[in-house]
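**Student:** Got a structure for you, written out below as structure tokens; questions coming shortly.
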Amino acid sequence: MSSSSLRVLAIGNNPNILFYTSRFQLAKNIDLYHVNDSKSCQFEIETEYYGKDRFELENHFTSIEHLTEALSSKSSEAVFDIIIMSAPSLQELSSLASKLTSIIDSNTKIFLESSGFIQLEPFVKLSMESPHVNVFSILTDLDIRQIGPNHFKHFPSTAKENTIYLGESKSSTEKYSSGVITLLTTFEKLFAKLFSNIKINLCNFSSIEFLSQQWKLAISRICFDPLLIMFEQENPSDLDQQIIAKPLISGLVTEIITVAKTMGARLNSSHDNENSLLSLWKNSYHSTNKPPALVYHFIHQTTPLNIDILLLQTILLADDFGIKTPYLEFLYSVLSQFERLNSGKSKWFIRSDEKTQILQSLQKSQKNESALQTQITSLQGQISKLRQELLMQAKQHEMETNELKEKHQVALKAQAQAQAQAQSQAQTSIEALTPTEATNQSDTNEYKATGTPNLRDIEDMALYSVNYGDSPVRSPPPVVSSQPQMNSPLSSHSQTFGENNGTNDKLLQERELQLRKKELELQERELEFQKRALQQQRFNNSNNSIPRKPSFPQLQQSANVRSNSRGMHGTNGAMSQPASAGNFVDPISSSIAAYDPQQPPSLPLQQPQQSVQVQPFHSHSIKPTSRKNRNSNMPNIGNPSSINMSDFGRPPNNSSQTRLNSMPTHSIVNQNRLRSQQSKNKLNMPHATNPNNTFNQVPAPSLNNHVPTQRQFSSSTMIEVTNNNNKVNNSSSNPDISTNSVVHNAMQFTNTNNNTSSTVDINDPKNIAPPPTTSVSAPSTPTLSSSSQMANMASPSTDNGDNEEKNGGKKKRFGLFKKKNKSKK
């Protein structure tokens, strides 16, 4: 806008203010500002003359404070040329006038919206600090109402002139001053341009006529419109039917006419009596069938009622002239309370339309509830349907699960039957391959030179589910089964029944383990007796002294001997230490084993197939000879460290045998020495390759007879010694010995000390004495014998002396006595 533009400010919520604003915003040379409670700057108005107009105000503010703040931020002037204002109450009007001080000056022209109000100009001047400011009033008979938020409408009436009045209401003078007339003339031209088709009336530049026009517009609004609200009537023609309304109408009309005439207003005949006023008021709304603007705004609550300015200002004016107005005061009090009720501030009363709204809201909520209930019912039906489907699926799943379980059980039963059949076939094949021992063996063969008895009383127990490995010559054919082939029938039996047969298989496995333990103990005992017999024989061969009665101490077995004993079973591989006399205590047996020169010694270290219980063996009676040719039943120990496998073929000279007075069994290891891998089907002892092993040593080359000797210790152990190639070979002529039989073979030895090649057959009944009846007893604690200590302290020179005796062919003193003579010297 240029500096020549007219700055106009419109303030208030009165519908007439917006009507004026709608016309001013069309002018191009007017800088328009608007202030009201609406937060929106878009407005819409419908009039009979200008039609429907929708516009947006650029400079719209919600309060004077916001306006002054915005103006102060701009560099332009903050003073307005024209201000059109209204207020809902006298107090707010005074406050608004005081706030305008910063945006007005002496040239500012203020127009008060006074349609239906009386003489507000002096009240505004008193509130302003500038008493010389020109304050005018503007009023119109146009019925402009607010029908909605920021929406206004013109309600036409045939009884009205549709005129805008400009002027100043004063009761002291009749004519305006020349300056006021000039200003009013200028504004008349301005409004005439802006409000075309509407009359602009200056009331002949007379303040009395302008005051009279104010009263004409205000009498019906003061006397009749509030009574419609009080009696809850919308149609003006129904007010006179109320009996109580007639005295109120009479009293109010009388008081208003009195005050108007007292102030100098000139009322015509149509406005100076009660009947004419009431008739004119009814006719003004007869064609529209609409209530008056005050009643309309009260019902729709769209805009303030302005009760304070309408009634209280009249009461104050009457009081200024000393006129009593009890009806008017009563009406003001009642309408003030009704306005509080209408705004919802009452404690006891509410509007019926609020109840209607509540009922409508309740009905709407009920409809929503019914819709939601229907939806809930539908969802519940879906839920029940889904539950039924879920139950059907669960039943079907259960049936399928039961079918699968039955199929699985049938498969397990079939598998168990197949495994049991395979196991029975395997057991049958094993029993078919197991030879039985001849029952008609003579009693003389029950005790062999090896010291291993035939234990027939535990034969059945040993035959029950015991397997120590396949025979080195012949093995059973493989068993065809539906299950994967195992390494051995025993491991297949243990694994298959352990997985499928439950408690019965566990009991069977425990029984097998017990049998294995007992069998291993018997094997260890057998090997211990074999070692003792070997040591005794070697001791007798190395020492040709006078036989002496041995003291029978307990055999103290060391850890290395136990490991050698386990090596004989094939669990630990080859024997790691030589079986020398230094590893044992004093020999406890004086039995002499016969020899057979035709049977060479051999030692295939195989896994023993059957263990038997140790029993006393027969002693062989040989006639005593001279001291020189008599054989001692004591072991020939030239040097305890020189005891080796080369002395196994040396038989004693004395054929007489002495039985043990006591047989030590306390030192025999009874622990469970199970093999490290039970699933292996062969437990054969690998061939000993350790050069320190006693069984790998060959006999001394100084022996008179080089015929190899063979001694069978048990059905599964055979020692073969060759003098030519210094190694142990597996005999190719080994018999096919079953795992569950104990075979005793005759053992023959060649006499290496005598020149004669006579042999003694120990199987001859003439040379076998019956077994002694000596009771076997063992001391509670093992003790070391003197011969064991002597064997540990022997020097290597003994072996040298013995070798010299063999090489020279000259009979020399025994190494044992020679060592003692040297020590005496």
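The backbone N, Cα and C atoms fix where each Cβ goes, glycine too.
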**Student:** Swiss-Prot tags one of S542, S632, S732, S757 as phosphoserine; which one?
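**Tutor:** In Swiss-Prot, S757 carries the phosphoserine label; others show none in the record.
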**Student:** Can you tell which of T173, T439, T756 Swiss-Prot marks as phosphothreonine?
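**Tutor:** In Swiss-Prot, T756 carries the phosphothreonine label; others show none in the record.
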**Student:** Which of the listed positions, S471, S475, does Swiss-Prot note as phosphoserine?
**Tutor:** S471
**Student:** Can you tell which of S172, S662, S758, S775 Swiss-Prot marks as phosphoserine?
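**Tutor:** Per Swiss-Prot, the residue annotated as phosphoserine is S662.
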**Student:** Report the mean pLDDT of the predicted model across the coiled coil (366-423), rounded to a whole number.
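**Tutor:** Residues in the coiled coil (366-423) carry a mean pLDDT of 93 in this prediction.
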